[in-house]
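Noted in Swiss-Prot for the protein shown:
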- D86: active site (ACT_SITE)
- E149: active site, proton acceptor (ACT_SITE)
- H84, D115, D173: Zn(2+) 2 binding site (BINDING)
- D115, E150, H440: Zn(2+) 1 binding site (BINDING)
Amino acid sequence: MWKEKVQQYEDQIINDLKGLLAIESVRDDAKASEDAPVGPGPRKALDYMYEIAHRDGFTTHDVDHIAGRIEAGKGNDVLGILCHVDVVPAGDGWDSNPFEPVVTEDAIIARGTLDDKGPTIAAYYAIKILEDMNVDWKKRIHMIIGTDEESDWKCTDRYFKTEEMPTLGFAPDAEFPCIHGEKGITTFDLVQNKLAEDQDEPDYELITFKSGERYNMVPDHAEARVLVKENMTDVIQDFEYFLEQNHLQGDSTVDSGILVLTVEGKAVHGMDPSIGVNAGLYLLKFLASLNLDNNAKAFVAFSNRYLFNSDFGEKMGMKFHTDVMGDVTTNIGVITYDNENAGLFGINLRYPEGFEFEKAMDRFANEIQQYGFEVKLGKVQPPHYVDKNDPFVQKLVTAYRNQTNDMTEPYTIGGGTYARNLDKGVAFGAMFSDSEDLMHQKNEYITKKQLFNATSIYLEAIYSLCVEE
């Protein structure tokens, strides 16, 4: 029944999704304003969702242009559906323009198809189809739309300062059948705060180093600019050998007498950096072989001592595991250095329930002082957990099982979704077990089958929660 309903809307779903995907809704602080708190792109995407909601007869409510909601239904209780329309930067290497959606016979290719514009449109159409059916709503629905999920969650922080907390809810921003627990998440900087004079003339001086754009992405590109006093040919040959030995792609060029070294890695979501290749850490590994100036030497040595080849916090003394929620993970997402202001490592750390986060961070901060580094801690989001046997979770899972015959149990993840904003919130789709996960990677796509099946599952789930008693 539900799949047949969705079939009647397939062309509309694709057309509305294409319009949303065409908006480059990447956070841009340089262009932020009161009217566009995280930049014009995210604001434009939020307005786009309001426009299609108004077209279809829904009421909307805007919250300072950084978040808002689409309203449906009636009743005392509220089902929250928490979506986001901001995306991570496209990065390089796409086979098509990431903000000019390509629709093939079986897929749609663009940044945001999986994370989270495709699932957002799927959830929206589930609500729209039920509204078109004139169902007898028993709950209100607030489809809450954020514009800063990929960075600091300013959107939901602002939203829940003044707006009603849903009774229960889900975020269509992960996998089916249901994510009932999420690790704690924090970002912090390790800042080099002690600069040392060079007693002897170094053979090499690190002028600048840059790798990574986001804390929650494994960097796929790194560049170092090095002043080489002598033996430049030897350095280039050693670098080429290093690339070969580590199965890496990279390049070396000379720019106005400065040696420019680049390494290409593999970008993946920061919740599991072990499946990516951190270009920045590899390039620092090579730089450790050079007799650098003292500041750079300390910076590079710190990386190798604490960060390189340590995706689970081993070298930081933070290795920890639980059977329910898994391991601590550490992603070094941003690395910067220049010879005037020294260096910085930007880290995204995720941890399961039971990990003594504050104690571990205090110990680590004290330990690294001797190497000239300090911790600057950002926002901390504690772990989030809902019992998988809760009737709400079971209704979602039943809708999934009815349509897929897949009996996989709900599980927990290292990722962080808007679900953790809710007292009773889970993540629900829209990835299936056979979906290729290219979130935060080049050539991100969603298959039409996945898009329509997710819409159908959301349709049944919302009907079960908000129409049936």
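Glycine is treated like the rest: Cβ placed from N, Cα and C.
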Checklist outcome for this item: Once DSSP output is merged into helix, strand and coil, H84 (Zn(2+) 2 binding site) belongs to strand
Checklist entry - Taking just the CA atoms, what is the gap between H84 (Zn(2+) 2 binding site) and E150 (Zn(2+) 1 binding site) in Å? => result 9
Next on the checklist: For the Zn(2+) 1 site (D115, E150, H440), what does the 8 A shell look like? I mean other same-chain residues with CB within 8 A of the CB centroid.
Outcome noted: V87, V88, G112, D116, N216, M217, H269, M439
Item to check | Near-site residues: Zn(2+) 2, ref H84, D115, D173, CB cutoff 8 A to centroid | outcome: C83, D116, K117, P119, T120, E149, E150, A171, P172, T417, Y418
Checklist entry - Between D173 (Zn(2+) 2 binding site) and E149 (active site, proton acceptor), how far is it from one CA atom to the other, in Å? => result 10
Item to check | Nearest of the recorded positions (D86, D115, H440) to E149 (active site, proton acceptor) - Cα to Cα | outcome: D86
Checklist entry - Between D115 (Zn(2+) 2 binding site) and the residue listed as 'active site', what is the CA-CA distance rounded to a whole number of Å? => result 9
Next on the checklist: With Cβ-Cβ distance below 8 Å and at least 6 positions apart along the chain, what are the contacts of E150 (Zn(2+) 1 binding site)? List them in sequence order.
Outcome noted: R27, H84, D86, V87, V88, R214, N216
Next on the checklist: Quick check on the binding-site residues: of H84, H440, whose CB has the lowest count of neighbouring CB atoms inside 10 Å?
Outcome noted: H440
